[in-house]
Every structure is written in C-alpha cells, then in structure tokens.
Amino acid sequence: MPGQAGRRRLVGGGCRGSQGPLGGAATMLRSLLLHSLRLCAQTASCLVLFPRFLGTACMLWLLDFLCIRKHLLGRRRRGEPETEVELNSDGDEVPPDDPPICVSDDNRLCTLASLRAVWHGQKLDFFKQAHEGGPAPNSEVVLPDGFQNQHILDYARGNRPLVLNFGSCTUPPFMARMSAFQRLVTKYQRDVDFLIIYIEEAHPSDGWVTTDSPYSIPQHRSLEDRVSAARVLQQGAPECSLVLDTMANSSSSAYGAYFERLYVIQSGTIMYQGGRGPDGYQVSELRTWLERYDQQLHGPQPRRV
C-alpha cells in the first residue's frame, strides 16, 4: 500500500510537470497571436489613414507658399455665410461664434513636428470609441484640485444634456471661441451641464510652435504641468467645470478629441459629435443643437384634439 501511494504520487507529479511546459507554450502562443492581431490592425489602420494624411501633408506644404495661403484663407472667409449681428444687453456687438482661423505669415505649417501632430490626431480620430448615436465612453479624468480620479459620466445628471469641450490653451481656435462657448454656458446652464476637459497641448513650445497661440506652454511631463496650464484656462472660464485628461490621454483617445472637439451626451448616449479641430470645431453648431433642445423643452406643447 505505501508503495502504491508513492507510485500514485510520482504519476501525479509527472503529469503536473508535463502540463507545465505545455501551459507555458500555450500562453506564449496566445500572447504571440494577440501581438500579431494588434500588428495587423495597426498596419491596416496605417493603410487606411495614409491617403488622408498624405492629402493633409500636401495641403500644409501648399499653404507654406504665402500667395496660396492668402488666396485659400481669403476665399474661405468670403465663402462663409454672413451671420446676423447679435447685440448684448449694453447694445454692443457680440463677436461671432466662430471667428475665422488666422495663420500668420511667419508660421510654417509643413514641418516634422506638424506632421507628427497631424498623424497623431488622425490616428486618435480613427480609433476613437465615441460615435454619434452610440454609447458615450466613460473615460477617466482628473480633478485639478487634489488629483482625484473621476469619470466623465460622473458629471451627467439625470436626463440633462452634458456638453464636453476638449481643448488646450495653445490651440488658437479653441481659445478664440472660448468667449462664445462661455455665452452658451451662461444662457443654457439652467437646463444643460457643461464640462471642459483639458487635454495635451495642441501647439506646445517644444513641439509644433505657432506664433498665433496666445500662450507659450511646453508639453506636459506630469499632472502638475497639466494643472498649471489648466489654471490659465480656468481664469477665463470661471462658470464652467474643468477637469484634466489623464497623462495617458485616455479621454482624448476615447473621443478622438485632439486638437479640440465638442460633444453632447444625454442619458449615456452621444447626441452630438462635432468635427475634429481646427476646421471642424464649430461653436455655432453647438448653439444650433442647444437652441433646438431648448425649444423642445420650453416650446409650446401641441394641443390634444
């Protein structure tokens, strides 16, 4: 009997020992398969993105010729529809929601830094999880006070729409349209919640530099750097809640928000997805959505027959 028990122990130990190498090989094979699939996905995305990236690069190269730049930007301004002049309570003219994008003559657009930034933005847009009509990603954000981790949907309250405004201080269109965004906050905050999410710098002083940027801020190396930059923005947007994207840029990646972008979330669903900045960043589109929502909410109810 003792001999049989010893033999059984040897047989059991031998089986476990033989399964060890097989289990390790299976784990290695599974890991190799995942890496291969990830590589195939990256390769496929590069093939899909490259034509668009090449077109953008050619456009930036052409815009470095001042005669072409002035002609194209001037034609774009002339092609924009004239908006009705709006007056404030003091009778002064209110600036337009989307002032034209200005590019100074001394700014080069086609550089290695600019191409890297364009590729980064297009890749984030391609892989984003957020799509109009779909579920809103509940990505992580950080409070500037205390560095407490929260999630975007923590700021959604019941059935109230939540407006997300992604951007940074070194992005000229984002800063130029901040006053228009603030007017919307003041007008609709009774029924709508607003949240600014400070993301990585669009034009850092150690990256794609532009003299049109109102501030000179380097790339964020830590959350402390991002907080310091966000404080500058917070001074100009005191009525709106502000949070930071994580240093892994989880929210910017989930929403494809680089360089800047606008979203509206309601009941966990993306109701409005603005275009990717700079060209697609249109506060006037957000205003139109809010006006329609306000009309549905407070407009006359149809009479029952």
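Cβ atoms are placed via backbone N, Cα and C, with glycine included.
Annotated in Swiss-Prot:
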- 1-43: topological domain 'Cytoplasmic' (TOPO_DOM)
- 44-63: transmembrane segment (TRANSMEM)
- 64-305: topological domain 'Extracellular' (TOPO_DOM)
- 79-98: region 'Disordered' (REGION)
- 82-96: compositional bias 'Acidic residues' (COMPBIAS)
- UNK171: active site (ACT_SITE)
- request: For the residue listed as 'active site', just give me the three-state DSSP call.
  value: coil
Task: Residue list, the transmembrane segment (44-63) vs rest of chain: Cβ under 8 Å, 6 or more residues beyond ends.
output: 69, 72, 103, 109-110, 114-115, 118-119, 122-123, 126-127
Field: Residues that sit under 8 angstroms from UNK171 (active site) by C-beta distance, when 6+ apart in the chain
entry: GLU201, ALA202, HIS203, SER213, PHE259, GLU260, GLY277, PRO278
- request: Please average pLDDT over the topological domain 'Cytoplasmic' (1-43) for the predicted structure.
  value: 63
